[in-house]
Structure formats: C-alpha cells, structure tokens
Amino acid sequence: MDYQSGGRGCFNCGDASHQARDCPKKGTPTCYNCGGQGHVSRECTAAPKEKTCYRCGQGGHISRDCTSAGSGDSYTPSGGYSGGGGASSQECYKCGQVGHIARNCSQGYSSGGYGSGAGGYGGGYGGNRQQTCYSCGGFGHMARDCTQGQKCYNCGEVGHVSRDCPTEVKGERVCYKCKQPGHVQAACPN
C-alpha cells in the first residue's frame, strides 16, 4: 500500500511510502536524532540535532514554543498537516470562535463548556443542538451539572442505576422508551 497523503511518512524508518503500522522494518527502531538503526533518540550517543518547529519550519524551538503567527501549513499532533494559519485559524470547541483553542478560551464554562461548540464532548458538530444529560436523560444540561440523580437504563426510573434495579432482579427487562416490561428499546413496537 502506497502512503501518499502528504504526511510525514513512517515514524519507524522514515520512508514516506508507508506509515509505521505497515513498516517492513517493524521492531527495528530508527533514531530520530542520527537516523541510525537499532536505537531510539533518548539512547543516542550522537550530539543532539537542532529541533525544528512544525508550525513555522524554523530551527531552535518546537511548535509549542513558537511565537510565529503561522501563515503557512502547520503540522498537527494527530499526524497531518493543516493548511494555512497554524493556531490562529483554529476554532475553539468551547465558544466556537476562530483564533484560539478551548484550553486558552476566556469565555468560561457558562456557555456550556465542552459540548456547546463543534467537536466538543457531548456536542459534536451542531453546537446549537440541545445538550442531553447522560445521568437523568433530560435536556439542557450535562451529567456533571445534573441535580436529578441517576436514571436507570433498565426501567427508566430515577434514583438507582441498572445494576441495582429491582425490576432486573425479577428477570424482567423494561423498555427504556415506552416503560413496558418484556422487551428493550431496540425491539420496541411503539
């Protein structure tokens, strides 16, 4: 399989035609510092080479210490390149604004915290979608802010969880959707 996505290629041997998971030299480490086989950079006896910033491409610092506004392509921690802008074009998952990321957001958690913006916990794209609580099943809040108590996934009642459900002890499964015994939500006729 040819690896042609424009990424950095194999982190094991350095070959741009494949990724590390498909490396034919798997098990034989390649040093990032000297390029030699059989050891990794932390064990390398050669003088450390100058680090290069993935954001601006300059030597002497790494991307987390970069002061450049990042007008070119920037390398992302997920292993790919994001076109133009570096951190200045990133969208905040907390407030939805462009120019910063969630951990640097000054908006606080009053706007819903993670989950109210694109890609956040519990929200995904479509930040206008109402939040769903995983504890009580209600809308408009998340489990960490729930005042209702936990809702049983078996019978749908609040005040206990499914492992402590009195209905489960009787051997009955109660539908979470229609609250009728004898079937589960996936098989609900209603």
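Backbone N, Cα and C define each Cβ position, glycine as well.
Copied from TrEMBL, the annotated features are:
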- 10-25: domain 'CCHC-type' (DOMAIN)
- 31-44: domain 'CCHC-type' (DOMAIN)
- 53-68: domain 'CCHC-type' (DOMAIN)
- 92-107: domain 'CCHC-type' (DOMAIN)
- 133-148: domain 'CCHC-type' (DOMAIN)
- 151-166: domain 'CCHC-type' (DOMAIN)
- 175-190: domain 'CCHC-type' (DOMAIN)
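Long-range contacts of the domain 'CCHC-type' (31-44) within the same chain, counting only residues at least 6 positions beyond its ends with a Cβ under 8 Å from a Cβ of the stretch, are 14, 25. Residues 153-156, 167 of the same chain lie 6+ residues outside the domain 'CCHC-type' (175-190) yet bring a C-beta within less than 8 angstroms of a C-beta in it. Taking DSSP states H, G and I as helix and E and B as strand, the domain 'CCHC-type' (31-44) has 3 helix, 1 strand, 10 coil.
Cβ atoms under 8 Å from those of the domain 'CCHC-type' (151-166) belong to residues 135-137, 173-174, 176, 179 of the same chain, restricted to positions at least 6 beyond its ends.
Across the domain 'CCHC-type' (151-166), mean pLDDT in this model comes to 75.
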